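A.B. asks: Quick paste from TrEMBL:
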| type | residues | note |
| --- | --- | --- |
| ACT_SITE | D348 | active site, 4-aspartylphosphate intermediate |
| BINDING | D348, K349, T350, E430, F472, K495, R527, T607, G608, D609, R695, K701, N725, D726 | ATP binding site |
| BINDING | D348, T350, D722, D726 | Mg(2+) binding site |
| COMPBIAS | 1022-1032 | compositional bias 'Acidic residues' |
| DOMAIN | 1-31 | domain 'P-type ATPase N-terminal' |
| DOMAIN | 748-996 | domain 'P-type ATPase C-terminal' |
| REGION | 1013-1032 | region 'Disordered' |
| TRANSMEM | 231-251 | transmembrane segment |
| TRANSMEM | 283-305 | transmembrane segment |
| TRANSMEM | 779-800 | transmembrane segment |
| TRANSMEM | 812-832 | transmembrane segment |
| TRANSMEM | 852-879 | transmembrane segment |
| TRANSMEM | 899-920 | transmembrane segment |
| TRANSMEM | 927-947 | transmembrane segment |
| TRANSMEM | 976-999 | transmembrane segment |
Amino acid sequence: MIEQFSKSANVYFLVIAILQSVPQISVTDGIPNILLPLSFVLTVSAIKDLLEDVKRSNSDKEENIRPILKRGNGSWNKVKWLEVKVGDVIKVLKNEYFPSDMILVQSSDPKGLAYIETKNLDGETNLKHKLAIKDTQNFFKKEQLYDTFLGSVKCEDPNSMIYQFNGVLSFKRVSIPISNEQFLLRGSSLKNTDWIVGLVVYTGHQTKIMLNSASSKKKTSRLEGQMNSQIFYIFLMQILLCIACSLYYSYWYYNNRKVTNIYLLLATSGESSNPVYQFVVQFFTWLLIFTNFVPISLLVTLEMVRFMQASFISKDLKVYYEPDDIPAGVQSSNLNEELGQINYIFSDKTGTLTRNVMEFKKLSVIGKKFGQNGHLGPDDKLPHVDFVDPDFDPSYYEYSDFIIHLAVCHTIITEERDGVIEYKASSPDELALVNAARFFGYRFIGRDSNQNAILDANGIQVYIAILNVIEFTSDRKRMSVVIRLPNGVYRVLCKGADTIILPRLQQGPYIESTYKQLEEFACEGLRTLVLAQRDLTDEEYHSWNAQYIAAMKDVTHREKRIAEVSEYIEKDLELVGATAIEDRLQDKVPETIQHLREAGIKIWVLTGDKIETAINIGFSCNLLSNSMTRIVIEKNSSKEVKDELEQGLVLSSQPGSGEYALVISGDSLLRAAKPELAPLLVKLTDICNAVLCCRVSPQQKADIVRLVRLSKPTAITLAIGDGANDVNMITAAHVGIGISGLEGSQAVRASDYSIGQFSFVQRLLFVHGRECYRRNATLICFNFYKNVLLVIPLLFYGMFSAFSGQLLYNMWTYQLFNIMFCALPIVVYAIFDIEIPYSELNSNPKFYRLGLYGKLFSTSIFWFWVLEAFIQGLIIVLLSVFTICMTSSDRQYGQMDNMYVASKLIFGLVVFLVNIKVFIFSYSHYWFSILISALSTLSYIGFTVLLNDYLPIYLWLDNYDSRGSSRKLLKNPNTYSAVVICFFIGFMIHPIYNAVLTIHNIRKIRKIRDLNLPKSSSSSSDSEENVDEVSEPEIDINKWEILPDKAKWKSVHTGFAFSGEAGHAPQVTDPDYYL
């Protein structure tokens, strides 16, 4: 309940209920009948929350009573999960789940390996490996030793970093560093391993998975923000009208209290006769009368509609990636309409635009380049290798260091299945490098119990001791291993980005030639790595290793200390060679980017690759073209960066200068993003049609998004990526999209939407985003329209009653308006309506521009709806006066029909007009939508007839004098004349309004287009020629691509008179109409 009343709208209606209970101001006889619709709204939300809570409770109960083996009293005893405590020794069997966060102590595998599936945590089905420390694996060979074990674990405080753990296990006067390699997460399960023994370190709400379940900061769409602003203005209008009505009544009361006292019994003396008192009473009375200016059902309706829209997105087969069985996912349905208004897209490259399936293509060793552009035949091909060059002889002794480097410097583990060794790698790059070593004759077999790497070197088994592994991080951009060769030599093997490794090299004969070859590889769009090594003396290694072990034992600052220690040996390196790996584009990426650009969306690609590689990929994916002038900035000082930014601005400002693309390095970007240069950078990017940011870190990606958001407050940004290094960028944007791929699911878990391929972005935006924006914008405007239309007759009625605060409508029907008589038709519209066939929306980018420029919801559009409601409300009142009050009388006594007949006519006309309005602006009319509209209108007739004429309930739900008014109204032929007139009013005012709004929109969009859209593009012009020929086909069932094939929706396409508009926007049969 506290959560429900944290919403300002619910608090507002609760205050209204309290005011309705005050006799002096109540217009409902002291009955807080606003509680009826409020209770309905709260009940709907409560039922939803209750179902979720019950589901969670049952799931918690089911999980807490699961059995697990716990060591105690010399044996393994079955206990429930909820009985597990920190410090317990737990045994988990194959296919069982871990009840808590634990340290892996021992495994049934002799090497201490354990295979873990984390599907329940991150959706990944590929197995991960964990490795018990050799000391604990060997120490606990006898189970009885667990009973006498005395030790302690010092670890970091509970935190949400799932892929990070630092600790130290102390026993037998020895301190052993513990890392994520020994850390087992609650909720993951044991696979391909008979059993493991673990030591519990976190339980319950302190486990990492529970800490990750905390809700993140909620994102709000711009449409919802605009809606909240308009609610404030509507409330302000309500207050002003209350003041005006109260002032008039106070003035009238003061001047007429004696004249009309005889029949109105007005107080002429005492507190009640005080004008100030009368003003206060009337102010709150009118506040109650005008309560429905704010739609009570708006929020729950919008939430329900978004939920259904999200369901359709997730079931859309056109955004389902069948090869990996990945449907679209929606984590934030409240951003559905935001997808239809994207101005900027920030995209990662590897795994997002590319497949992240690496193939070893070329190499450089001792200054020579090897690798041709051909392809291996199917008989010669190994996974992840496509190297062709007959001139390369792997047996040549000068190449051996290079190949050993490929075979040893990695973190791959092996798994044997049916006699075949399979590699399990943390990244596709490593798979390509290790398979290349195998292709060259050095097959990595695995590691023995002493952590020696076992190589099959052309039939000879070689054992190389792996002493230390300094893993790759996005900040270090390199990884190193320290090995001991069979001849006893200690050696550091290091690989990483050229910008990181080359400055660490000692002088050598091949550095310059290798650098040129790296440039050539990059120009071909290949991913490059530089390999280097350094031999250490025994004294150097042991001295360094002592510092490394001390850093590993530092629980608080382990990563920082390791980075500092690694600097001592990752310098004065000797160049070994370089590799070039191909990562091909995903299907339809070039076409998708071309369509996004044609829609007017600006695309930024943020990558860690070299500038040359990024440029090549930019051409491949249609982000860059030969007609573009490239502005390349890769300077390392602020002054030089400023000079190049200014030169770029001068160059781009020249008359007749075509399109521009900005390519900027990470170092230059670091300086350009500073406060003193940021305005220049933003101004230059505004002019450019494409932006490529190279060699950027994960933090820089997020900073770029924040910079654009800060400098462009009205722009809506979208970030899309597939890896952990994209999480910051995804969360920094208005909308984040994660791609389910080979880099894990961290990006997906941090995102608002998830898809299987980049090309699905087009349909997500052009179809679902555009339509959700159109429907939801109309839904919001319509909700205010119908409520203003309902309330305005009360204002005009006040003119006939000296604004004395009389309620024209029956108080119960007044409160049922939003939840019974007019609730469902707009919901059906917002879920099912289709303006243009989905195939047309997806293939014609110009349709997207209406949402891109926010032309379906603005202050002017909103108040046009309100103005229309004012006009139609006035017409309804006049219709009632002239068709009923002034033209009919009781035949027997000659009396005119009373106010109850008029009020029911007015209310009925409002209900009829509101429901027919949905029919007018809908494009798709299905049998169920027509039926729902008809039943909604008939429900009022049935309710009021039963209430007034047939049920004794009218004695306390309605005024006794109103009995029979419904039958009298239905028997009067003028009633039906009013309905017919009202019907035509709905069709007359709407097109007039649309004509004015269309002219306004077209002019404004053309102005914005001239500033923002690409100036010239041959492909774009070709597309325009094709689009001009598009005409709107008949709407049929085939448009419902988001529904199963078995669904039999029958649709009736309306004629122009019934669908000449949709939500106050022009009907579109030509995409150029928006230009």
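Glycine too: its Cβ is placed from the backbone N, Cα and C atoms.
Automatic, uncurated: that is what TrEMBL annotation is.
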A.B. asks: Would you call the transmembrane segment (899-920) and the transmembrane segment (779-800) in contact, using three or more Cβ pairs under 8 Å, pairs 6 or more apart in sequence?
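C.D. replies: Counting Cβ pairs under 8 Å, at least 3, so yes.
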A.B. asks: Which range out of 283-305, 779-800, 812-832, 852-879 gives the transmembrane segment (231-251) the most CB pairs under 8 Å?
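C.D. replies: The stretch with the most contacts is 283-305.
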A.B. asks: Work through the recorded positions one by one (D348, D722, D726) and name whichever has its CA nearest to the CA of R527 (ATP binding site).
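C.D. replies: That would be D348, nearest by Cα distance.
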A.B. asks: Compile a sequence-ordered list of residues in the same chain as D348 (active site, 4-aspartylphosphate intermediate), six or more apart from it, whose Cβ lies below 8 A from its Cβ; state 'none' when nothing qualifies.
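C.D. replies: Listed in sequence order, they are V605, L606, T607, K701, I720, G721, D722, G723, N725, D726, M729.
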A.B. asks: In the structure shown, with every protein chain counted, which of the binding-site residues F472, G608, R695, D722, N725 has the densest set of Cβ atoms within 10 angstroms of its Cβ?
C.D. replies: D722
A.B. asks: Using a Cβ-Cβ cut-off under 8 angstroms and a sequence gap of six or more, which residues of the chain neighbour T350 (ATP binding site)?
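C.D. replies: Residues satisfying the criterion: N356, R527, D583, T607, G608, D609, D722, G723.
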A.B. asks: Using a threshold of three or more Cβ pairs below 8 Å, and leaving out pairs closer than 6 in sequence, do the transmembrane segment (852-879) and the transmembrane segment (283-305) count as in contact?
C.D. replies: no
A.B. asks: Would you kindly check 779-800, 812-832, 852-879 and say which stretch has the most C-beta pairs under 8 angstroms to the transmembrane segment (927-947)?
C.D. replies: 812-832
A.B. asks: What same-chain residues lie close to the transmembrane segment (779-800): Cβ under 8 Å, and 6 or more beyond its ends?
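C.D. replies: Same-chain contacts beyond the flanks: 223, 227, 230, 234, 241, 245, 286, 289-290, 292-295, 297-298, 301-302, 305, 806-809, 814, 817-818, 822, 826, 829-830, 857, 861-862, 865-866, 868-870, 872-874, 876-877, 880, 906-907, 910, 913-914, 917-918, 1063-1064.
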A.B. asks: According to DSSP, does D348 (active site, 4-aspartylphosphate intermediate) fall in a helix, a strand, or coil?
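C.D. replies: Strand, per DSSP.
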A.B. asks: May I ask for the residues of the chain that lie six or more residues beyond the transmembrane segment (812-832) and have a Cβ under 8 Å from a Cβ within it?
C.D. replies: 33-34, 36-37, 40-41, 292, 295-297, 301, 304-305, 308-309, 312, 775-776, 778-779, 782-783, 786-787, 790, 907, 910-911, 914-915, 918-919, 921-922, 924, 926, 928-929, 932-933, 936-937, 939-940, 943-944, 947, 957-958, 1049
A.B. asks: So which one is it: of the binding-site residues R527, D726, which has the fewest other Cβ atoms within 10 Å?
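C.D. replies: Per-residue Cβ counts within 10 Å for the binding-site residues R527, D726 bottom out at R527.
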A.B. asks: Where does R527 (ATP binding site) sit in the DSSP three-state scheme?
C.D. replies: strand
